[in-house]
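*Asks:* Shown below is the structure under consideration.
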Amino acid sequence: MTAFQNAGPSITRLAPAKINLALHVTGRRDDGYHLLDMLVVFADHGDRIHIEKAGSDSFTVSGPFASGIPAGRGNLVLKARDALRQHGGPDLSPVAIHLEKNLPIASGIGGGSSDAAATLLALNTLWQLDLDFEMLAAIGLSLGADLPMCLHGAAHGTPLIARGIGEELNDVSGIAALPMLLVNDGTALATPDVFRALTRRENAPLPPPACEGTDALCAYLRETRNDLLPAAISLAPQIEPKLALLRAKGALYAQMSGSGATCFAIFSDESALTRAAKEIADENPGWFAVPSHSFPSRA
């Protein structure tokens, strides 16, 4: 990791991958935002944010996907820093922020939003602002519709149902830690492009969740959808064979996450997950093929 000007305490936080187990598009608001109904879990694999007090502000990036990250103020991490500083006042100390970028960019697993959420949480602690979750979520929502759910993921990690444009959050009980494989062949999809390609925007909401046990959860998921999948496939047809590959490797359930193009697969146990991950990585060098586990529901 890049060295910092060391002028005080430091904080490191995981910015977990956000996995949409199901995503139903139920309508569209007058302002253009789509109404969504989503079942979301968070993985133990993700980016990492390291922040410490410094003599001046700085931002550095490392990791396998660092090359695609903008270093200017258009970056969501810096937008989060500036938004929180605006709220807390001009006397807050300068900070050195380092992003370890382990997740593919524009891949449907919330990387940039999760990075911004982890930044808000870390700076809230480092600057001793003591803002509650609701205030941080309101600041996050001003930066992006999925910031509140990513803030929940970075703070708690527990599964949730997200509705509205993504800001209405409710915990979901009964979901165990899921052995999951995340796969992306390097395809990047811009979320606005996928939404523009939608042909149907009025769909049924999620059925009431039935999540007690992995088998029951996967049976439930087979009754759900990712309504963005047809639009994503129209832009990136290679998504479909990725899903077929995951099913052929023994997945209990496989689907695309978010607006794509990352796909995920749930496996029965650690052995099945490890075997599938190794086979796919060996057969497809250069792919992002990462075994992980989702965080479980609250006990």
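Using N, Cα and C of the backbone, Cβ positions are placed for all residues, glycine too.
What Swiss-Prot lists as active site is K18, D146, and the listing cites sequence analysis. According to Swiss-Prot, the ATP binding site annotation covers P104, I105, A106, S107, G108, I109, G110, G111, G112, S113, S114, on the basis of sequence analysis.
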*Asks:* Quick check for you: of the binding-site residues P104, A106, G108, G110, S114, which have their Cα within 10 Å of the Cα of D146 (active site)?
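*Replies:* The binding-site residues close to D146 (active site) (Cα within 10 Å), listed in sequence order, are G110, S114.
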*Asks:* Using a 10 Å cut-off, grab the number of neighbouring Cβ atoms around the Cβ of G108 (ATP binding site), all chains included.
*Replies:* 30
*Asks:* Using a 10 Å cut-off, grab the number of neighbouring Cβ atoms around the Cβ of S114 (ATP binding site), all chains included.
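*Replies:* Here the count is 29.
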*Asks:* Just to verify a number: CA distance, P104 (ATP binding site) to K18 (active site), in angstrom, no decimals.
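*Replies:* Rounded to a whole number, the Cα-Cα distance is 12 Å.
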*Asks:* By the DSSP assignment reduced to helix, strand and coil, which category contains G112 (ATP binding site)?
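*Replies:* For G112 (ATP binding site) - judged by DSSP and reduced to three states - the answer is helix.
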*Asks:* Taking only same-chain residues 6+ apart in sequence, whose CB is under 8 Å from that of G110 (ATP binding site), what do you get?
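*Replies:* When sequence neighbours closer than 6 are ignored, G110 (ATP binding site) has A17, K18, D146, M149, C150, G153, G258 within Cβ distance under 8 Å.
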*Asks:* Counting only residues 6+ apart in the same chain, whose Cβ is under 8 Å from the Cβ of G112 (ATP binding site)?
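*Replies:* G112 (ATP binding site) has long-range Cβ partners N75, L76, V77, I105.
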*Asks:* Write out the long-range same-chain contacts of A106 (ATP binding site), meaning residues 6 or more apart in sequence whose Cβ is under 8 Å from its Cβ.
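*Replies:* Looking at Cβ-Cβ distances below 8 Å from A106 (ATP binding site), excluding near sequence neighbours, one finds A188, L189, A190, T191.
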*Asks:* Other residues with Cβ within 8 Å of the Cβ centroid of P104, I105, A106, S107, G108, I109, G110, G111, G112, S113, S114 at the ATP site?
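*Replies:* Result: A17, K18, L103, G258, T262.
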*Asks:* Can you see whether DSSP assigns K18 (active site) to helix, strand or coil?
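*Replies:* The three-state answer is strand.
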